[in-house]
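K.L.:
Below you will find the structure I want to go over with you.
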Amino acid sequence: MRVLGIETSCDETAASVVALDGASAPEILSPKILSNVVLSQIEEHAAFGGVVPEIAARAHVEALDGIVEAALADSSVSLDEVDAIAATAGPGLVGGLIVGLMTAKAIAAAANKPLIAINHLEGHALTARLTDGLDFPYLLLLVSGGHTQIVAVRGVGDYQRWATTIDDALGEAFDKTAKMLGLPYPGGPNVEKAAAGGNAGRFAFPRPMKGSAQPDFSFSGLKTAVRQAATAIAPLSDQDVADICASFQAAVADALGDRVGRALARFRQEFPNQAKPALVVAGGVAANRTIKATLEALCSEAGFAFVAPPQKLCTDNAAMIAWAGIERLRAGIADENTADFVPRSRWPLDSVSAPLVGSGRRGAKA
Ligand code: KG4
Ligand code: ZN
């Protein structure tokens, strides 16, 4: 089984071919990423301190043909030899989604192949099966620039959202903090770098939602606290910036640990027969070492395996989209969303959990 995947929901233009050997035993997954081409638009957006939707859409139009060609060439698979075209159809910036999905539809029509419209979040949710062959069910923490969610992944197409942010996404909080402190875009890695030389105990920032029975996240109050602290001691020296970053990061890790700890306990209750349950992290923020270390410690204490796919497959890419296409083909549900599917800028993974009022809808990909 070979699937060509296309991803254009935010600021990466990506295409990939993933194969699953039909000869391997069905219970053992041994997929191969034959190509994985990702073109980041960071430079186009850096001057604006964030992703500009219109610039992103235009950049996708310019780059996508070449990226798809490169992905096919790298994989040594011809279009004739793929079984289906899978493309991200949401959630995300609608301009980019239109570019990717329409291109995929055109390729599928010309090559007479089925099209599979994929939910971007499903791509993130299933990546751990592509990289680690993980069995269902498992728990997913998705922390990116547009999303902050805890999802129980029970099967292909069977997801239950247990928590989401009621305001900003975590990556967005990192990016806004960086902007406030005059650090370059993208903010997350720069906040982490600055924090390395800072005193995490200097500022007692709030730990949003910590201790609350409600499982959700909130980061906008923390952002306000950072702004107030920075304003109070302005102008900021490099050491002040480092101390604020370190204190912010510590608050985030602490709050996240509390929220995830609750989800681990719930997972134990709901899936008591899982001998070795697993927590999977995905999204750009998962690159943060302080956050990773906090989650790792939490998992080892709770008897959970901690699974962090390689960073290249944690951030936006098309291999996860191609893989989601393969999973849907194998599960016999590839024809749920086909050639007449219309891009959806909002498309919850779990249609049962009602959206929270104002929940995480301010980010580029919200
Ligand atoms: O998954 P991703 O590449 O794209 C989205 O789907 O949003 O995540 C990007 C987000 C940005 O907000 C970026 O600042 C954040 O991930 N990020 C980090 C780090 N590296 C990237 N946040 C904290 N620490 C990092 N080292
Ligand atoms: Zn993403």
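Heads up, the Cβ atoms here are built off N, Cα and C, so glycines get one too.
Note that the structure is a prediction, hence the values are computed from the model and not measured.
Take a look at what TrEMBL says about it:
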DOMAIN    32-323  domain 'Gcp-like'
BINDING   His120, His124, Asp316  Fe cation binding site
BINDING   Leu142, Val143, Ser144, Gly145, Gly146, Asp175, Gly188, Glu192, Asn288  substrate binding site
K.L.:
Where ligand 1 binds, which of the binding-site residues His124, Leu142, Ser144, Asp316 are close by, with Cβ under 6 Å?
P.N.:
Ser144, Asp316
K.L.:
Compute the mean position of the Cβ atoms of His120, His124, Asp316, which form the recorded Fe cation site, and then list in sequence order the other residues of that chain whose Cβ is within 8 Å of it.
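P.N.:
Counting only non-site residues, the set is Glu7, Ser9, Thr88, Leu121, Gly123, Ser144, Ala282, Gly283, Asn317, Met320, Ile321.
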K.L.:
Using Cβ-Cβ distances, find the residues under 8 Å from Leu142 (substrate binding site) that belong to the same chain and are at least 6 apart in sequence, listing them in sequence order.
P.N.:
Leu121, His124, Ala125, Thr148, Gln149, Ile150, Val151, Val281, Ala282, Gly283
K.L.:
Those binding-site residues, Ser144, Asn288, Asp316: which ones have a Cβ sitting under 6 Å from ligand 2?
P.N.:
Ser144, Asp316
K.L.:
Reported as an integer number of Å, what is the Cα distance between Asn288 (substrate binding site) and Asp316 (Fe cation binding site)?
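P.N.:
The Cα atom of Asn288 (substrate binding site) is 16 Å away from the Cα atom of Asp316 (Fe cation binding site).
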K.L.:
For His120 (Fe cation binding site), just give me the three-state DSSP call.
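P.N.:
Note: His120 (Fe cation binding site) is helical by DSSP.
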K.L.:
Give the sequence-ordered list of residues that share a chain with Gly188 (substrate binding site), lie 6 or more positions from it, and have CB atoms under 8 Å from its CB.
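P.N.:
Gly171, Phe174, Asp175, Ala178, Gly284, Val285, Ala287, Asn288 - these are the non-local Cβ neighbours of Gly188 (substrate binding site), listed in sequence order.
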K.L.:
Give me the non-local Cβ neighbours of Asp316 (Fe cation binding site): same chain, 6+ apart in sequence, Cβ-Cβ under 8 Å, ordered along the sequence.
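P.N.:
Sequence-distant Cβ neighbours: Glu7, Ser9, Cys10, Asp11, Glu12, Ala14, Val38, His120, Ser144.
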